[in-house]
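The block underneath contains the structure these notes are about, expressed in structure tokens.
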């Protein structure tokens, strides 16, 4: 098969061994630097595009998850974590060292569109410059910032001045003629429809959007830096709750738990995995309910009943989470090797409460279908607006409901199983419409799938023998993973692929902690959806992306 | 035609108090106008800070104001004090005095419309200020001054969101004013007069009697199609869901209102409510038999209140339930749908009335 014909373009479904990949890349590989999750090939900084396009075109690695950049004592390094949308367990890392004194590396943007923002972030925080990048500017920090905060020689005490520049219309000159003119409009950072502190630099031609550029970073809280200053065992786990703070806490905690457990080789007891699975799906319902609520707000206006109805349902699941974790938003419930405590006593009461919620849920979903999805005006507004074709979605590294709304059948719970998901009976939801409506439908149907999962977990937990309820594995007080081990692990968060890259250096704290935020990649697709549409469609498209700025900016 | 309308309110004042000459008429008119204006202000005062909250809360499973006074009713004076006590912020570069006139013009135009609306009787008092021969045309003219105010506010605010809101207001009003008036014309063909007392009087006859109940010849029953058309256009005219496009807080941050605070904001807010009530009043005059209803003529004001508040409730219901259409879709519905339908209705009505009469 592809062994004999390595140059032909195949469908990418074929799994190649690391050695076959090395043979495919030939001279491009200068060294091997394997990670725990994937083989790693070290290449020269001027062959990034060539290497990535071979891997993309000929080996089927069509998903650039994330670009992790870091600085070593003797070099800079960018790692391109590649996967396949068809089978995300097939991974490969492309490691690109750059010169310590003059860190320049070729940009991957012409091969993977998603590299645009990821490389801008690497430039902003680490200081690596990317050749051939279309628009290498700072992305999280203000343009006037001095130094790169995650680089080694960064001076923390240096005073920083952030100016308030007048935003200029980028299209002013070449869009002006006798009949028409463009208008520059700042949407946000304080605007009812930006769902947080997002700034959209929008250029309008009448009511139509000619150009929209998301400007992010207003909620940047140095989450990566904070994780790098905490110890693996206990000090990092509270932070993930604060990335996607819209009640998706347990999903985020699982991202860290999965990466760190694989890094430190911790086996989680099955009982704890079932509890985790149940809790995570409760979080997904809560997160999707809020997405639905705010989307209704964007489409219907701010007095819509749908908003409060969805918030009510979210409240019910939030109460269950409170019973389970003792907290409503910042759960901090997972521990490396399990969860912090068992189900609340009396267990029967918790089970019956959960079942009541699950029983009532189909009725609520039906009501939302009556209220919004079957409403003709709503359909008029959302069908065929904010269109994101599947190829574009993949190119931008879009994941989660955004990708699945474009027919990209990609869900890490099924494709790269973790927890207890592969033992349960549920389906991955996809819609083919590629528009705002499809993305909403995906979320609404996923709520039902999550309910199915929770129901099965409750049944399992109810019948679990009392003497086998082991909620935590034996984990050493201090974790010191081996020096120079690297791992990238992802879970299916509420918004998509939430991944963590960790490099251990033999101490009890990570040397590099990189968060792959699904919202970050998803938000990057906004101009593709919005350009040429009307202002209300931009608002609708943004709402259908369901971003949380806490996760975008980290 | 029905029974002869009772004496107009200012004439009643002149007669009752024996006010002499032109001066007496002027005084009587002013007093009458003040009474009517205060009724409308009272409606808006109840609607804005209290009823609207309670109604929306009922639709959205909430409780809303209930801390001060019975049913939270004391929120009305509290809100009045709070709103008036706020600082009036005048942004840099606003175009004065246009910016100052706009918030006065909006409630004033809607208020003027009530001068020709028969609001029913309280005892011997007939709350009807004037009854000119072109009353119906006049009331539409008054109502549409509102869009001038919106454009002024949007343009003078020196804010791009306000400008977009102002532009949307014009586009929307052009698209809906014509179907609205053309539909009202079909009623005029039935009634044979533009005089409002005539239009109302024509609706007092009995259409059919079902099981002992007299169904009056309200034009909503005579021509339900025109009623639905008019109701839809009216929703656009007053700018409520699904047609709250000039405001659209989640898109253009309340549009023309964005830069207004304190008393000016109150005036806009008030203007909107008066406008909704005027919309309800026009609807009841043209299609729902004005202030008529069961019971003696002397309590017909109650029926007027019921109808107008019914319409207000309807707008709030729409607000809670119906999504907002996009501006281009609205223009399309207006020019390609409503306009055609309204003219079809007009021609058909003319033919039917011509054949029967």
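Backbone N, Cα and C define each Cβ position, glycine as well.
Heads up, TrEMBL stuff is auto-annotated, nobody curated it.
The transmembrane segment feature in TrEMBL is assigned to B:26-47 (among others).
Annotation comment: TrEMBL describes B:68-85 (among others) as transmembrane segment.
The transmembrane segment feature in TrEMBL is assigned to B:134-153 (among others).
Residues 5, 116-118, 128, 131-137, 139-140, 144, 219, 222-223, 226, 229-230, 233-234, 236-237, 243, 285-287, 290, 330-331, 333-335, 338-339, 341-343, 345-346, 349-350, 353 of the same chain lie 6 or more positions beyond the ends of the transmembrane segment (B:174-197) yet place their CB under 8 Å from a CB of it. The transmembrane segment annotation in TrEMBL covers B:174-197 (among others).
The transmembrane segment annotation in TrEMBL covers B:217-236 (among others).
Same-chain residues lying 6 or more positions outside the transmembrane segment (B:266-289) and placing a CB less than 8 Å from one of its CB atoms are 40-41, 43-44, 47-48, 83-84, 103-104, 106-111, 113-114, 117-119, 136, 139-140, 143, 146, 149, 153, 184, 187, 196, 199-200, 203-204, 216-220, 226-227, 230-231, 234, 237-240, 257, 260, 304, 307-312, 315. Positions annotated as transmembrane segment by TrEMBL: B:266-289 (among others).
Beyond the transmembrane segment (B:301-322), the same-chain residues lying 6 or more positions past its ends with a Cβ under 8 Å from any Cβ of the stretch are 43, 47, 51-52, 55-56, 59-60, 119-122, 127, 235, 238, 240-242, 244, 276-277, 279-281, 283-284, 288, 290-293, 295. Positions annotated as transmembrane segment by TrEMBL: B:301-322 (among others).
The transmembrane segment feature in TrEMBL is assigned to B:334-356 (among others).
Long-range neighbours of the transmembrane segment (B:134-153) within the same chain, counting only residues 6 or more positions beyond its ends whose Cβ lies under 8 Å from a Cβ of the stretch, are 98-99, 101-103, 105-106, 109-110, 112-113, 115-117, 162, 165-167, 169-170, 173, 177, 180-181, 184, 188, 194-197, 199, 237, 246, 256-257, 260, 268, 271, 275, 278-279, 282, 285-286. With a threshold of 8 Å between CB atoms, the same-chain residues lying at least 6 positions outside the transmembrane segment (B:217-236) that come near it are 172, 175-176, 179-180, 183-184, 186-187, 190, 202-207, 242-243, 279, 282-283, 286-289, 315, 318, 330, 334, 338, 341-342, 345, 349.
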